[in-house]
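Features of the protein shown, as given by TrEMBL:
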| type | residues | note |
| --- | --- | --- |
| BINDING | ASN16, ARG27, ASP200, GLY222, HIS223 | 3-amino-2-oxopropyl phosphate binding site |
| ACT_SITE | HIS52 | active site, proton acceptor |
| BINDING | ARG54, HIS59, THR109 | 1-deoxy-D-xylulose 5-phosphate binding site |
| ACT_SITE | GLU79 | active site, proton acceptor |
| SITE | GLU160 | site 'Transition state stabilizer' |
| ACT_SITE | HIS199 | active site, proton donor |
Amino acid sequence: MFENSIRFNMTKLSVNINKIATLRNARGGNVPNLLQVASDIQKFGGQGITIHPRPDERHIRYQDARDLKPIVYTEYNIEGNPQHNFIDLVLECKPTQVTLVPDAIGAITSSAGWDTVANQSYLTEVIQEFQRHGIRTSIFVDPISAMIEGAKKTGTDRIELYTEAFAHEYSLGDEKGIEPYVKAAELANELGLGINAGHDLSLDNIQFFKQNIPGLLEVSIGHALIAEALYLGLDNVVNMYLQKLK
Ligand SMILES: CC(=O)[C@@H](O)[C@H](O)COP(=O)(O)O
Ligand SMILES: NCC(=O)COP(=O)(O)O
């Protein structure tokens, strides 16, 4: 059965607050206050909060994930590589959604989607565990048909399309970079997989992406959104994204 947001072609904005934690950690105190920012983003209209705790806790700390639980009343999305500590944290926090990302330890940022064929049995096992606890699952993938088909076989509820390549090509003026994403989304829709997207999405490229991707349920946006907010203000920026996602 289709989720309501698919029927009405609605795309939710989940704001990734990693960069707020990066700024806070630079001084060791509590400025800016991550929980206050998460709360304000929701007040401004943000429809979800995303965090991506990394094993070195260089921005989001595991304790932040716990502290955010009572604050996030919209969609709570926790992203990360499903190592033991991460799995335990997610099961403890019980977010709305867990997004599995195959990060190498120490990676500057996420730089690839899963090989859902090579990791099929591992992903299937982890996904079943999260779903048993009522947590929706999503797998970070490149827009490649075999990877979408492999994702379907794991039993995941959704995929998250890794949009770095699109964002890069679009910034160079090349709109053709959207094509593999359109194909991947059409296949995911056919297979009954929900579609999320993220990485390097911005005020410049989000409307074009949204208008071309059928059934886009959610985008998670952090780096560009927080940078744009330095000039335009967080309230204003959240609402500019909401307008572009209509
Ligand atoms: C999964 C993904 O695309 C990442 O963009 C991510 O969540 C951001 O992580 P960093 O803030 O550590 O770069
Ligand atoms: N899943 C992608 C995400 O949460 C944000 O990525 P970015 O906007 O910081 O590149």
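Just so you know, the numbers here start at 1 and follow the chain as drawn.
Cβ from N, Cα, C; glycine included.
The model shown is predicted, which means the values in this text are computed figures rather than measured ones.
Annotated features taken from TrEMBL, shown on the structure.
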residue	record	DSSP (3 states)
ASN16	3-amino-2-oxopropyl phosphate binding site	strand
ARG27	3-amino-2-oxopropyl phosphate binding site	coil
HIS52	active site, proton acceptor	coil
GLU79	active site, proton acceptor	strand
THR109	1-deoxy-D-xylulose 5-phosphate binding site	coil
GLU160	site 'Transition state stabilizer'	strand
HIS199	active site, proton donor	coil
GLY222	3-amino-2-oxopropyl phosphate binding site	coil
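Ranking the recorded positions GLU79, GLU160, ASP200 by other CB atoms within 10 A of the CB puts ASP200 at the bottom. Among the binding-site residues listed (HIS59, THR109, ASP200), ASP200 have a CB atom closer than 6 Å to some atom of ligand 2, in sequence order. For GLY222 (3-amino-2-oxopropyl phosphate binding site), the nearest neighbour among the listed recorded positions (ARG54, HIS59, GLU160), judged by C-alpha distance, is HIS59. In terms of Cα spacing, the recorded positions HIS52, HIS59, GLU160, HIS199 that come within 10 Å of HIS223 (3-amino-2-oxopropyl phosphate binding site) are HIS199. Using a 10 angstroms CA-CA radius around HIS59 (1-deoxy-D-xylulose 5-phosphate binding site), the recorded positions that qualify from HIS52, GLU79, GLU160, HIS199 are HIS52.
The local packing around ARG54 (1-deoxy-D-xylulose 5-phosphate binding site), expressed as other Cβ atoms within 10 Å of its Cβ over all shown chains, amounts to 21. Every protein chain considered, the tally of other Cβ atoms within 10 Å of the Cβ of THR109 (1-deoxy-D-xylulose 5-phosphate binding site) stands at 14.
Remark: HIS52 (active site, proton acceptor) has ASN16, ASN18, HIS59, ILE60, ILE78, GLU79, GLY80, VAL101, SER110 as non-local neighbours, by Cβ distance under 8 Å and separation of at least 6 in sequence. Following the DSSP three-state reduction, the secondary structure of HIS59 (1-deoxy-D-xylulose 5-phosphate binding site) is coil.
Spanning the listed 1-deoxy-D-xylulose 5-phosphate site, residues ARG54, HIS59, THR109 have a farthest Cα to Cα distance of 11 Å. Using Cα positions, the member of the binding-site residues ARG27, ARG54, ASP200 nearest to GLU160 (site 'Transition state stabilizer') is identified as ASP200.
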